[in-house]
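Undergrad: So Swiss-Prot lists these for the protein:
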BINDING   161, 196, 200, 207  Cu cation A1 binding site
BINDING   196, 198, 200, 204  Cu cation A2 binding site
BINDING   198  Mg(2+) binding site
MOD_RES   218  phosphotyrosine
TOPO_DOM  1-14  topological domain 'Mitochondrial intermembrane'
TOPO_DOM  46-59  topological domain 'Mitochondrial matrix'
TOPO_DOM  88-227  topological domain 'Mitochondrial intermembrane'
TRANSMEM  15-45  transmembrane segment
TRANSMEM  60-87  transmembrane segment
């Protein structure tokens, strides 16, 4: 999860988030190299008193700086498209959970089970126990099995919302009348926090998301106790 004065991304917990972090580093390296080269050329031209006759009109140079940026953009676009297809692909999900956004809480329905559904509200600050996180704790966590592909069906009952869990690389819009889907998969157990990422009204900041990723056996015991 995030911590105060954090400069980097949250620790990756899913394969998608690992790919996104690698792509971020890949793109940042390209941007750094281009920026360094441009700044070096600008400083060189500003500090030297010599002027090359072909600096202002050189067909070869213009050809190079047309082809080179195109090649760089392709190097950025190809891994980006690959990740987009990975995020959209859902093959044989082990579990399907329907998520509905409301003003200002989330409701969840485990479609593979009968009568396994609940609402998830933020716990007010005055009701927090020692060690719990302000504005992030909920009364009902979403318990899911780890190391399995899980399909989330996301929509909204009223206005636009966005279901986002940064450490899992998830951010999917909840749109009234439309059903979006996302894949959830965690490499390790733990609690993973998120929030609504679309301004949805006065209490937009008060609809957190808490995923509890657990081993399959623990999930089976939990689901049996909830039915």
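The count begins at 1 with the first shown residue.
Every residue gets a Cβ built from N, Cα and C, even glycine.
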Undergrad: Excluding 161, 196, 200, 207, which residues of the same chain place their Cβ within 8 Å of the centroid of the Cβ atoms of the recorded Cu cation A1 site?
TA: 101, 103, 104, 106, 162, 174, 195, 197, 198, 201, 204
Undergrad: Kindly report the helix/strand/coil residue split of the topological domain 'Mitochondrial intermembrane' (1-14) according to DSSP, in that order.
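TA: Output for the topological domain 'Mitochondrial intermembrane' (1-14) reads 0 helix, 0 strand, 14 coil.
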Undergrad: Under the DSSP assignment, what numbers of helix, strand and coil residues are found in the topological domain 'Mitochondrial intermembrane' (88-227)?
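TA: Going by DSSP assignments, the topological domain 'Mitochondrial intermembrane' (88-227) contains 21 helix, 61 strand, 58 coil.
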Undergrad: Tell me the Cβ neighbour count for residue 204 (Cu cation A2 binding site), meaning other Cβ atoms within 10 Å of its Cβ, over all protein chains shown.
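TA: Within a 10 Å radius of the Cβ of residue 204 (Cu cation A2 binding site) lie 17 other Cβ atoms.
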Undergrad: Would you kindly list the residues that approach the topological domain 'Mitochondrial intermembrane' (1-14) from elsewhere in its chain, counting only those six or more residues past its ends and only Cβ-Cβ distances under 8 Å?
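TA: For the topological domain 'Mitochondrial intermembrane' (1-14), the list is 20-21, 24, 136, 166-170, 184-188, 190-193, 213.
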Undergrad: Give me the long-range Cβ neighbours of residue 196 (Cu cation A1 binding site): same chain, 6+ apart, Cβ under 8 Å, in sequence order.
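TA: Listed in sequence order, they are 101, 104, 161, 162, 163, 164, 204, 207, 208, 209.
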Undergrad: Please list residues from the chain of residue 218 (phosphotyrosine) whose Cβ is under 8 angstroms from its Cβ, counting only those at least six apart in sequence.
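TA: Correct list: empty, so none.
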